[in-house]
Amino acid sequence: MEDFVRQCFNPMIVELAEKAMKEYGEDLKIETNKFAAICTHLEVCFMYSDFHFINEQGESIVVELDDPNALLKHRFEIIEGRDRTMAWTVVNSICNTTGAEKPKFLPDLYDYKENRFIEIGVTRREVHIYYLEKANKIKSENTHIHIFSFTGEEMATKADYTLDEESRARIKTRLFTIRQEMANRGLWDSFRQSERGEETIEERFEITGTMRRLADQSLPPNFSCLENFRAYVDGFEPNGYIEGKLSQMSKEVNAKIEPFLKTTPRPIRLPDGPPCFQRSKFLLMDALKLSIEDPSHEGEGIPLYDAIKCMRTFFGWKEPYIVKPHEKGINPNYLLSWKQVLAELQDIENEEKIPRTKNMKKTSQLKWALGENMAPEKVDFDNCRDVSDLKQYDSDEPELRSLSSWIQNEFNKACELTDSTWIELDEIGEDVAPIEYIASMRRNYFTAEVSHCRATEYIMKGVYINTALLNASCAAMDDFQLIPMISKCRTKEGRRKTNLYGFIIKGRSHLRNDTDVVNFVSMEFSLTDPRLEPHKWEKYCVLEIGDMLLRSAIGQMSRPMFLYVRTNGTSKIKMKWGMEMRRCLLQSLQQIESMIEAESSVKEKDMTKEFFENKSETWPIGESPKGVEDGSIGKVCRTLLAKSVFNSLYASPQLEGFSAESRKLLLVVQALKDNLEPGTFDLEGLYEAIEECLINDPWVLLNASWFNSFLTHALR
């Protein structure tokens, strides 16, 4: 049969059939009848289209190939024979330009005269049986069906045969000739008997041997073999059956499947209440750095040495005082803690040799700030079985918080470029195999786009702080160790730079389990006046500690310097993930890579270079109240990175729940956009599951707001 196909059909048709079989993982050496069927179908599609044009008056005309008028517009667009990605691109383009409804399955042709998609069928069985199978599969009035048989019969939707008698006769003659040629070679009977009904990809996959025996053994009760089960599944009408089963479960269960229409979804309800507050473990856009360039001091690289060197670059220290107290805390203790840090740093400088680490004196203010002796005494359960009113602590429900504009500002800032490089090329990892040449190119392009990004600074800052805190928690369990918050970068000129953001003082840290908490006090420099957005700084006590001279276009100006102080806590598992924040670079690189792969698949060549170097092209970045925001490929890289970084910085059960539940709604909306006519039951239950995750977390509230923008614009 394979030899016959190669002799009987045009080489271009044979090549397209080979590609189609390869795409579905089928072996043409084994599936020879299928190979012949695909070639026949392709040839009929091409013959259907051949010689048919539309003239300037919009009339359909038949023109032979050597006619000088062959530059007229083709009447039919051929979709069959293209790879799936390209075929869907063509279908989408036709739908966008003509307003045609998007089909669920790939059709074979589009008729520009009648403005409809056409599904061509070639059958070795009765035409009406094959027609009904096609119609049952497509379930669309907008796709026209035209079936031909090898016996000269045909059948079409509403008996509308589209083409003139002569064109159809040419197709029937060709099919009859193919049948005769096969019969002469003794191939026809095998070919005729091999046709099955309309198949899905899963049905084409034949299971044999051990896997077949396992499949037969793994069936639900009352099914003797896989064929019976398949026949049952194929004829299964889900809606009524599921409703019937659920109604047996409980009288309260009502699972009527409702159609999901453009008017069905409502916006997610965001909570009311006071504005949400900053809850990250360190300051983000409001952080201020004291920096040294080209560090070459003694002990360079030892955090405490670097910190002292950075502190010496600032000369505007003044007597600190509280400008924004913490509502519930003993604020003088925070002030005394900062004064203690300054005093003990001064003591170090007065020593002959600076130590590598510094353990703070266990003063009353630090004991209070670090919760020393505040934990309730643990009692073994066996010792209190007889206590009649034994119960857990009553815990208050968390207070609902509303979305505040500061979190969107934080995200926007994270997407921006800084004037420093925060990662070297090797942060994402070296090549392992020579095949990774393209991967290297993509990594280098991506690194160039994100190395200056503020989100990348947050990654390196997070990695440093979590590593230092976990080390100290293990090495100095009983000590109140002073940990400088440091990062390293390179300037535009390539000079090394060491930055100090502030200090952490670690509490007692006997961390046996992954979730055991170590308390710490963070003290971070900033130029942001907390009185501008006091709700953001609810958990902080803010001191004014100095005045900083800043150079600007109009000369020097003095700005007050603040210290943001708060008590916080973390655990071994959180620090472990914080140390691995570089994973965010990989995650966003993979997302960009899938975009490149999609583009390369359409163009059938690697598009990495064009993707990054075509500066004129814009890409969708995300939703906003204004609609879909577009930006350069660099902006897309930085936005994806910032999202990944914020997922790490603001990780919480609320985020986990919201991501999982909102994804279900997103998939239903996407199915609606793809014209898949989705149905749902208990949609309000899904909304409840989403909305119970919206409590007080700023990042979750912002994501919910973005989701509402997406709903608004997706369903227009």
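Glycine is no exception: its Cβ is also placed from the backbone N, Cα and C atoms.
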Can you find which of ASP27, ASP83, ASP108 Swiss-Prot lists as binding Mn(2+) 1 at the same site as HIS41, GLU119, ILE120?
ASP108
So which range, 60-75, 124-139, 364-379, gets flagged motif 'Nuclear localization signal 1 (NLS1)' in Swiss-Prot?
124-139
In Å, rounded, how far does the Cα of ASP108 (Mn(2+) 1 binding site) sit from the Cα of GLU80 (Mn(2+) 2 binding site)?
5
Can you name every residue in this chain, apart from HIS41, ASP108, GLU119, ILE120, with its Cβ inside 8 Å of the center of the Cβ atoms of the recorded Mn(2+) 1 site?
VAL44, CYS45, GLU80, PRO107, LEU109, ILE118, GLY121, VAL122, HIS146
Any idea what the model's mean pLDDT is for the motif 'Nuclear localization signal 1 (NLS1)' (124-139)?
83
Proximal but sequence-remote residues of the same chain as GLU80 (Mn(2+) 2 binding site) (Cβ under 8 Å, at least 6 apart):
HIS41, LEU42, CYS45, ALA87, LEU106, ASP108, LEU109, ILE120
Enumerate same-chain residues with a sequence separation of six or more from GLU119 (Mn(2+) 1 binding site) and a Cβ-Cβ distance below 8 A; give 'none' if the list is empty.
PHE105, PRO107, ASP108, LYS134, ILE138, THR143, HIS144, ILE145, HIS146
Which of the three DSSP states, helix, strand or coil, fits GLU80 (Mn(2+) 2 binding site)?
coil
